[in-house]
Structure formats: structure tokens, C-alpha cells
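Here is the structure we will look at, set down as C-alpha cells.
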């Protein structure tokens, strides 16, 4: 056995028999579930970390990726790579597809490209690892050797894949110099993963769904062409289902270890299987799963549906004459039925995002709330007070600090501050206690924290989140409209509805934003939101108006839905954007919503007391 460290990349097998890596973020999520052990239920819901993967669940025991809406199953595996290779450095190589978006290369190809890039080669020929492409680093382009078609490529930095250290068989270690790995291929076994791999390969090689170029890649020659439009992907497979090492020009940085059970330390990443998946693969995979595996998948999917707020409505056999009584509807029913669990058939409810049309004469102002709109402009800089003067209002000096750590710099309070950034004007050994919550810090650290924030005259305790002063945000300029419409929300039949319309245009980021001077986008505006016109609903509206004036409703950042950066996003105060249903979790009925949003506003320092200090 050899003590070694490696980065772990989780991968899934696509319909062409190529292993595709999950992204680093997804891999880290899988590892967290694995480390949680049996209490996590043995399944990983990928949509929790990447909304684009919402249909997918991984069953860790059978090592399969399950697509909920189609029932397609794909094998997954845990692969090891040299920490000095691309995944160990957070480097991702991507090619531009016909739609203008970027697609990551398969892990082996990306490692090969990065190795040549680090050696400062002007270009690299990928023919030796089975792809008829040249990567030209001077132009950052990919050239098809046969058609001479060129595509752009790029190198970007992402999270580093998870690192593991432990004992590994010597035959699974990587060689110290470039060249093919020396371990012999493992013989095929009868575990579900290997059966699935072999079934996919058999379908592709023997007249399956893959194009001719892909089937050629599966031959023993190991040299083939990558089909267009997909860019260079994983290395060729031989007929035993084992991935072949790269040729002489590529670094052999792979630890060829394929595990059927997922130990701790894995990471997840790129998009899951394409929608045009090989259905035969899914059927073969389903047949290999035993009752316990099916039960786990069914229960995992039920958890996802319940968490998303999808209601269940019993449905009968619609035509009454079918011999199936009733027909199985939905993959959850198929799974639960196959696992011997009771099945209740449901009809999916209709998504209702907007109310029925409302005429101008039907729109009314809200009693007790003046005006029907509110605008915000750019931040007005506060003058005349230094950070030290601001903090002086909230702090009491501590002459004899306790033998504890400052939770900002993690140095002892009895020692000088460990902050190493721009030097505040206070002494690094001064210690202060926040007046209301009583938490103690180096004053030096608090000044540095204030300078790194919004510098609006307020301070938030980093331990308990108590807010001192009036907290403001970085919301870009926009308009908030609010009025009554003559329709009721589900769960609130006795009152009308307050409609809020937010409008924010795209623009240029200011000094308080993540990238000053850079443009930002504003997707999905105007955004329509809904509250019941009840006493508590009007209370929430008044507090939302305070939050709007303090620029706390929106911020500029990275969208958790699309992954787009430098765009307008919600800022921790949830809104209901679904009028007549609750399929997305952002609609009605929701008995706890008004209380929850009041708590979220209070966490931003906005409560009923705030309304007495702000305009209506």
C-alpha cells in the first residue's frame, strides 16, 4: 500500500460511453452527503447545489444518477487525479459551442491541455489521446485537423476539487513522468455499475445510438475523432470498459481507481446527463436495481417533491375503459411500485404565475399607505465621520480583556490584532465590547471590518448579527410600485391582493458594488410579487417599503438560479412571485410566509419601530 494524496472528481457516464465530470461545487456537495453517513439517506439531491441539475438524484449505494422526469439512470464513479493536475489547481478548460456558451472538456483532455500549457508549449495535438484536434495557445483556439474548423477555447479558475489522503494500492498510483499508467485493467465484474457500463458500451459499439465517429472511438486502436458539435471529451474506452491512459504527449496524472461504493472525500460538478439520453440505458439500469435501491430513490424523490411544495391530488382512471386500473403516472409511481411501496396517483396541478387581467379602474391604492410607488437613487455618501468615530458610539473599552480569541482575527484578545491589511489609525492591542450584545473584539479588527463593508454608519456584530445603527444596502436604482387588485390569493379567500412591482434597469456598478465600473444585468424585471390585503399583509408591505428605502431588497452578485455574475439578485428577503399556485415554492397557500418574512426583515434591522423613523 502507498500513502498518497489525490483530488477526487465525481463523473457520470453519458450515452456515448464517455465519463463526464461533475463541477467542483457539485462534487463537494456529494462529499458532504457521503461524510454525513447513513443519516443522509444514501442519496444526493443535485438540485440543492446547482438549480440546473434539479431533476437529478444520485444513489450512492448503487452508484447511479437518476433523472426524475424521464427515469433515465446513469452510472457514476469516483475518480482520483494528481493534486498537481488541473482539477487539483481549480483549472477548467472549455470550448465554445455553436450556441456561444462554454462547455468544459472531459477531465482527461483538460489535464492534458493544462500540462502542455504549463510547459509553455505553443500548441498541443490531441490525436494521441483519440481526438483529431489541435489546441493553439497563441490564439486560444481549437482546430479540427480534418475540417480545419476553429473554435475558441478558454482557461478559467474554479473551485479546487476535494482532496483526500490515505493508503492506496501501488498499482493505482500515477507515474512520476509523462506516459501511460502502468496498472493493468481490472476485470469486469457483475456489480450494477459495471453492468451498466458494459451495456452502454455494447449499445454504442454494436450499432447503438452513438454516431460512427463515437463508435470508432470505442475500438481497440484507441484513436478516433470526436463528433461535432461536442468538443473533445473523455479518453477512448477499450472493450473491457476500462479508461485508457493518455499517449506519450500527455501526462498520466490519473489514479485509475473506480469505486462502486462512494467513500468520503468526493466532489460534484458539471451538468448531468443530456435530455436526449439513451433510454435503453435507463431500462437496463432500472433492471439492475434491487428493492432497497428502488426504495431509496423513491423516498429521495418524494422528499424533493414535498420540499418544493408540490401538492398531491388523487386522480382516477380518466377514460374508465383502460385495463390498467389505474395507470402508473410518473416515475415516482414506477419506482415505488417496483419497490413494493403503496402508490397514490396524482395529477400535476397547473402553474398560475399571474392573476386574471385587471383593468386600470380596478387598481386601487392601499388604505393606510400613502402613494403607490417609491423610487431609489444612487447611494448618497455620508460625510464627516471616520470609522473610529462611528464605532465609538457602539463600543465600551475593555481594559482587562479575557483570555479568549477575537473571532475576527482569531488571535487572543490579550495579544495585538492579527489583521494584516491596510492599517487603521487605532492601536492594534485595544479591545472593545459592543454595548448591546456584549461581544468583545479588537477595535483594530472592527475598524477593518467596517472599512470592508458599506460604510453607512451602521455595524453588525459578526457573532450574533445584532445591528447597531441603521443598516443600508447596495441595491441599484429602481422603482417599487404597490396597489390593490380585486382577486384573492389561495389560502386568503376573504381579502383582496396587494401587488408589488419591482423595476430595476441594467447599469454600471458603483463603488459599493462587487466590480465598480463594470456593467450589471437585470434579468426578469419587472418582477411581480403578491401579499394578502390583511392586517399582517399590510404590516409586511410597510416594512418592505422601509427595506426598499434602505436599499436592502436587491443586491448585485451571482445568481443562484443561472450562475450569472454581476446581475441583480434577491437579498435575503423572500417574496411570493407565484399568484395562484405553489409549485415553485414561491406561491400560496403558505401559512407561515408572513411570519417568516417578518423574521427576515427583523434580521436586516427592520421591525415595526423602523416605520416610525421612515416615511410612509
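Even glycines carry a Cβ here, placed using N, Cα and C.
Among the ranges 191-222, 223-254, 255-286, the one that Swiss-Prot lists as region 'Disordered' is 223-254. It is 355-387, from the ranges 322-354, 355-387, 388-420, that Swiss-Prot records as region 'Disordered'. For the domain 'WWE 1' (1-78), the mean pLDDT of the prediction comes to 83.
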